[in-house]
Amino acid sequence: MNNSQISTVTQFVLLGFPGPWKIQIIFFSMILLVYIFTLTGNMAIICAVRWDHRLHTPMYVLLANFSFLEIWYVTCTVPNMLVNFFSKTKTISFSGCFTQFHFFFSLGTTECFFLCVMAYDRYLAICHPLHYPSIMTGQLCGILVSLCWLIGFLGHSISIFFIFQLPFCGPNIIDHFLCDVDPLMALSSAPTHIIGHVFHSVSSLFINLTMVYILGSYTLVLRTVLQVPSSAGWQKAISTCGSHLVVVSLFYGAIMLMYVSPTPGNSVAMHKLITLIYSVVTPVLNPLIYSLRNKDMKYALHHVFCGMRIIQRS
């Protein structure tokens, strides 16, 4: 395989969401609003944790790092998606496509491990409250955050490297709104079944391990909370775990359909919808579920926005 073969295709065409212009305008407006809300919600959480010293605890430090991750996760795909609505060519460069591909999967893998760490934090806080301060120290929190980023970006690095080396000498049209693994490898002029198998095997390993751990952690949390001899126990269980599990189920359900047990019979439109759920919908729900429903966080956000108003008036 020589370099001339690899560089034959210099750009790809992302078809995105073809359809009547009016429908595309509506779709563009919805995605833009969701993107703005995602950025605003997650940036507000980061500012609140940064400026309110009462939130300088492992739980909120994890939330701030998770919000930082979500900002980059949506930003690596949504801006290009929005530009493509008004682009006549809808092209993305070869290097741009693989850069997006690399960051999309690396950040997605990082999110899986972040959800694990956050589940572990909730497990310690609720099931072992007396030992929580001595176990979940600032040092351990920093180590766990670093490991999430490290594993997330190294986990698929070998597979992505070999996919990047594939020759692309023929068609360059991707019927998707981002550079996803299966549509991308389908355009290669070389056999891809081994690389595809390795990529999906690694994805399945990460997804299944983290999902089982998260479900196990929340099961133990539910069991502990429900042992409280009052109706408040049920309410606390639902408040603590129910909403978290809704987002986790939505995220993991979508990525499992795509990368653990993909169904060849699914239409392209269905693949786009599933990808849209875990790449755009869940990031906008996370600020609401994990932070904005929290009393301490809402109090801190109130002071942050009040401070911004005072600065603007002055």
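Each Cβ is built from the backbone N, Cα and C atoms, and glycine gets one as well.
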With reference to Swiss-Prot, specify which of the listed residues Cys76, Cys97, Cys306 is paired with Cys179 by a disulfide.
Cys97
Would you say Swiss-Prot puts Trp51 and Ala269 in the same topological domain with respect to the membrane?
no
For the transmembrane segment (272-292), which recorded stretch in the set 25-45, 58-78, 98-118, 143-163, 202-222 gives the largest number of Cβ pairs separated by under 8 Å?
25-45
Spatial neighbours of the transmembrane segment (202-222) far in sequence, C-beta under 8 Å, 6+ residues away
109, 112-113, 115-116, 119-120, 122-123, 126-127, 155-156, 159, 237, 240-241, 244-245, 248, 252, 255-256, 259-260
Cβ neighbour count within 10 Å of Cys179 (disulfide bond):
23
